[in-house]
Amino acid sequence: MPDKQSLVKPGKRGQALVLACLSLLLLAVMMLLSFNLSYALRQKTQLQQHSDALAYSMAVLEARSLNYFASSNRAIAASYVTMNNVHGYMAAASVTSAMMDAAGDAFLQISGVEGGLCGMCNGMCDHCIHALEALKIKKDFNDEAEKYQNKIKQQDDDFNKAVKHLDKMMDIIHSSQRGVFDETAKALGDGSSLNLSKLRSINAPKSSELNSGVGSLNTAEYNCAIDGKDCSISGKPANSSNKTRAVMMAQAANASRNEWAAKRGGTPPTYLNTEFLNRLMSEIQGEGSTVIRSHDGTAKTVKNEGELDNDGSTGNDGSKSAGHEHGSLFSQWKHGVGTSGYKVIVVSDSDGGEHTQEEAHSESHNFFEGTHKGELASCGSTGNCFMSFRADPDPNRDFGQPHVYSYVTQRLRSESVTEAPWQLNESASVRFKHGDREGKVTLAADEGAAMSKALVYYHRLGHWSEPPNMFNPFWRAKLHPFTPEEAANVLNEAGNSDAAEMASTPRMPL
């Protein structure tokens, strides 16, 4: 039988061929799109990783600078403590002369007692001789006081030098703080200083530098973290007064004193020389005794001398460094008794100071400028300034803890078609024309952008209740999510208004 085969019309075979070619074309286009998309996503991922690393690294630099401020503020406070100790030692040395004079005053009273008894016996008894002997002993005490005054006077120049150099040390430490601040601010502004440029060369060599507008925002955040710096961000608290910052340092310095400087004494005060105490209490007068009934001493940074024995923490602006010794003694000799008090104050300030043992010093004590005596911007080689944290009560602004932002761009297509043949041409686009109609397919975006945020925050392990401050070096850094308002602000600063409008759209995931 003849083979009956179904015949396919030539028109239908041609239609199948066209569909096959169209399928191959679509497959090729989809494959090219896939290659281009994969390459663009890889470039975008690389760019975002670089942006994250840049934001975090800048935040680490800033956190380290704040930790340096905290540590160096401790060093400044330690300089105040040392200066207090110096005044304490000078006061303790000066009180030896005052105590000898006080014993002499007591023997003047004893001489009066013996003289009164002499009058009762019409000058015909030993009391008359004792009255004269008591006057001689008084003179012996006064002579001894003069010897100690001369010894103290020999130390006066060294005392002033110590105060002068400690005051200078505070300014030197603050000068180093200013240097650290300036270098850190520069790095936050350009994203490349202090070896930050290595991040770009390693992570994304073809990416842009940190956007200058975003860099300025970083610098503004850094400025606003320091109380006393010019803060250009709206809504931030104003700078506190110089006196407020001075009170802060005075409180820190006084709280850091050792026990001897803060409160010393004893009856007798055992920190005084044993030979001196023996001379005072028994050797000079021969018989009887002189007993120290009370003795107290302190040294601290104060506003005025009245705060030496009182708590002046609420308004103590630390304009003076002072040492104080005071007490009373009781003398018994023969048939008479006498009592007297003594008091010594040693003060250094910018107005001549004070040393109540006038004969025990050779020049004025005017080598201490006081605490934070100038505006932070003008404090350089003088003023005794320090870096302080600008606290913000608003939790929506992270209590004033500074933010760091990164915004960088990079071409998502290869710069050379020979290295990436799937791009087809420099524009990575394919044009189609069918009849009088024309179409264009772009295989990959030309440029991409990435932005990141990091937070410089204060965290003392195990003590979350401690507020941020610049006396404890517990500043850290971490990447942190954006709020829509922040993202829009950063994008606007970067000049990307379209993306800023999209970021501020309600419920837009960031």
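From the backbone N, Cα and C atoms, a Cβ is placed for every residue, glycine too.
Those TrEMBL annotations? Automatic predictions, nothing curated.
Feature annotations, courtesy of TrEMBL:
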- 296-306: compositional bias 'Basic and acidic residues' (COMPBIAS)
- 14-57: domain 'Putative Flp pilus-assembly TadG-like N-terminal' (DOMAIN)
- 296-326: region 'Disordered' (REGION)
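Looking just at the domain 'Putative Flp pilus-assembly TadG-like N-terminal' (14-57), the mean pLDDT is 80. Proximity of distant same-chain residues to the compositional bias 'Basic and acidic residues' (296-306), defined by a Cβ-Cβ separation under 8 Å and at least 6 residues beyond the stretch ends, is recorded for 80, 83-85, 87-88, 91-92, 95, 250, 253-254, 257, 261-265, 269, 312, 315-327, 345, 347, 354, 371. DSSP states for the region 'Disordered' (296-326), grouped as helix (H, G, I), strand (E, B) and coil, give 3 helix, 14 strand, 14 coil.
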